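Read through the structure below, which is laid out as structure tokens, and then see the notes.
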Amino acid sequence: MTLRGLYAITDSQLLAGKLLPYVEAALDGGLTLLQYRDKSTDDARRLREAEALRGLCERYKAHLIINDDGELAARLGVGVHLGQTDGPLTPARALLGPQAIIGSTCHSQVELAEQAAKEGASYVAFGRFFNSSTKPGAPTATLETLDQARARLSLPICVIGGITLDNAAPLVAHGADLLAVVHGLFGAESAREVTLRAKAFNTLLSI
Ligand SMILES: Cc1ncc(COP(=O)(O)OP(=O)(O)O)c(N)n1
Ligand SMILES: Cc1nc(C(=O)O)sc1CCOP(=O)(O)O
Ligand SMILES: [Mg+2]
């Protein structure tokens, strides 16, 4: 499977009361991946929302990824994204099976990405590249990180952190395959604007 394109990530505060219409608008504009990222402990709501997102992703032929929670991903038969403190990749791969999409946060460390590749990651994520209101304290990465990663890795490379339509082009030029975006996509005044932004990100990626 080739993983390239726009990777939308949900945010419970930003999308409060409009999760499904805004996600559907993004899917309408074209998403490769959608990550359900909800840091709450409300398991019933998390299950309900993730199931609804899975239905939408099936309709639009995008892949749903669950942040942090391999058990929920296994229950729904979808992918998972794991950070460096979210548990090891090898058991996640065993749990989810060979076809599942599993992503790994590697900050700015290509060595972590090489290790993730050995442990069965489907893509590796570097960031944050810009100021992020969603995760202001995330460690930073640079275009040099991306150059090194592109030279040393054959896995799809995802970039994240403060990405907008105005700053994404250099990331694509330096080899990013997946643009992972929260505010730059969903921080829009209307669902129509979300669709337009998604289409514009895809144009940047030549998709
Ligand atoms: C695509 C993508 N890349 C990086 C992250 C960050 O994961 P992590 O470091 O585990 O931080 P949280 O998102 O869990 O706060 C991500 N979620 N998605
Ligand atoms: C969830 C997350 N992880 C990051 C990392 O660098 O690992 S940055 C980030 C937030 C991305 O949201 P926005 O597009 O609004 O900046
Ligand atoms: Mg995490």
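Backbone N, Cα and C define each Cβ position, glycine as well.
What TrEMBL says about a protein is an automatic prediction, not a curated fact.
The 4-amino-2-methyl-5-(diphosphooxymethyl)pyrimidine site recorded in TrEMBL includes Gln35, Tyr36, Arg37, Asp38, Lys39, Asn67, Thr105, and the single candidate from Lys18, Lys135 that the record places there is Lys135.
Not one of the binding-site residues listed as Gln35, Tyr36, Arg37, Asp38, Lys39, Lys135 brings a Cβ under 6 Å of any atom of ligand 3. When the Cα atoms are compared, Thr105 (4-amino-2-methyl-5-(diphosphooxymethyl)pyrimidine binding site) and Asp86 (Mg(2+) binding site) turn out to be 10 Å apart. Contact annotation for binding-site residues (Asp38, Lys39, Thr105) versus ligand 2: Thr105, each with CB under 6 Å from a ligand atom.
Ranking the binding-site residues Gln35, Asn67, Thr105 by how many other Cβ atoms lie within 10 angstroms of each Cβ puts Asn67 at the bottom.
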